[in-house]
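Working notes, structure below.
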């Protein structure tokens with residue numbers, strides 16, 4: 001009985017899916033007064049020999065939200081359900097919908113649609129990354145590099161978890177401002193020419209900023225070891241201060257400054273300050 005029910009449910013699912021595709025295929029072109037054209041990068045690895053292309057979609061701005069992600073969702077729901085992209089929070093927090101819109105790396109969920117209907121908006125996946133499908137880049141290398149910096153607090157003194165807090169003064173905590181807010185969207189790294197050509201060795205702006213976040217943390221005891229892993233000509237020093245990373249960051253952070261601080265620590269121009277003593281009444 002259960003097997004038969006499963007088979008029926010699967011059949012209904014296939015029928016529903018087929019109806020959805022048929023409806024999308026016959027969707028009428030929008031006829032409103034404010035029709036915006038989007039050219040979207042398309043690539044399907046399941047089509048042998050198929051080459052990437054730009055496909056045009058028209059959207060009625062009077063029946064769509066104000067953000068580019070709203071337009072993408074509308075296109076997927078009403079025109080072409082095969083259009084593939086990442087998205088989650090829809091409010092600039094998760095970093096999932098990072099892509100190249102009108103020539104700039106940004107988040108689709110916080111990028112306003114250009115209201116000039118005479119101009120076509122072109123949308124590509126993040127540049128210089130392998131493309132899985134359409135607007136979905138392969139982030140495996142990026143996340144592997146992030147894991148390589150060991151992005152967690154490391155203590156050399158024995159502590160009993162839950163026994164007490166790790167003290168950090170207000171001034172010490174302020175050094176982390178503008179660092180921990182990074183959402184790992186990779187907009188900055190994908191905008192960096194040095195990362196384009198040396199991604200296998202150069203860690204890139206996003207990962208280096210996260211590395212500095214742990215290096216400078218007064219509670220962390222492994223700054224020397226963290227810096228030692230970057231004592232080569234590529235990990236950090238391939239940054240040529242082009243500043244694309246800072247310009248494109250959707251969170252308005254400054255990866256270039258963090259990389260500069262790492263370089264000064266590596267060359268002994270600076271040293272990490274000793275942590276302030278824990279107050280007696282803490």
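The backbone N, Cα and C atoms fix where each Cβ goes, and this holds for glycine too.
Taken straight from Swiss-Prot:
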type    : residues           : note
TRANSIT : 1-21               : transit peptide
DOMAIN  : 39-129             : domain '2Fe-2S ferredoxin-type'
DOMAIN  : 172-202            : domain '4Fe-4S ferredoxin-type'
BINDING : 182, 185, 188, 249 : [4Fe-4S] cluster binding site
BINDING : 197                : rhodoquinol binding site
BINDING : 197                : ubiquinone binding site
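Within 10 Å of the C-beta of residue 182 ([4Fe-4S] cluster binding site) we count 20 further C-beta atoms, all protein chains included. For residue 185 ([4Fe-4S] cluster binding site), the Cβ neighbour count at a 10 Å cut-off comes to 26, with all displayed protein chains included. In terms of DSSP helix, strand and coil, the domain '2Fe-2S ferredoxin-type' (39-129) has 17 helix, 26 strand, 48 coil.
The binding-site residues under consideration are 188, 249. Their Cβ neighbour counts within 10 Å are lowest for 249. Closest to residue 197 (rhodoquinol binding site) by Cα-Cα distance, out of the binding-site residues 182, 185, 188, 249, is 188.
Residue counts for the domain '4Fe-4S ferredoxin-type' (172-202) under DSSP (helix as H, G, I; strand as E, B; rest coil) come to 12 helix, 0 strand, 19 coil. Mean model confidence for the domain '2Fe-2S ferredoxin-type' (39-129) is a pLDDT of 97.
There are 12 other Cβ atoms within 10 Å of the Cβ belonging to the residue listed as 'rhodoquinol binding site'. Other residues of the chain with a Cβ within 8 Å of the Cβ centroid of 182, 185, 188, 249, the [4Fe-4S] cluster site, are 95, 183, 184, 186, 187, 189, 205, 206, 209, 245, 248, 250, 251, 253, 255. Following the DSSP three-state reduction, the secondary structure of residue 249 ([4Fe-4S] cluster binding site) is coil.
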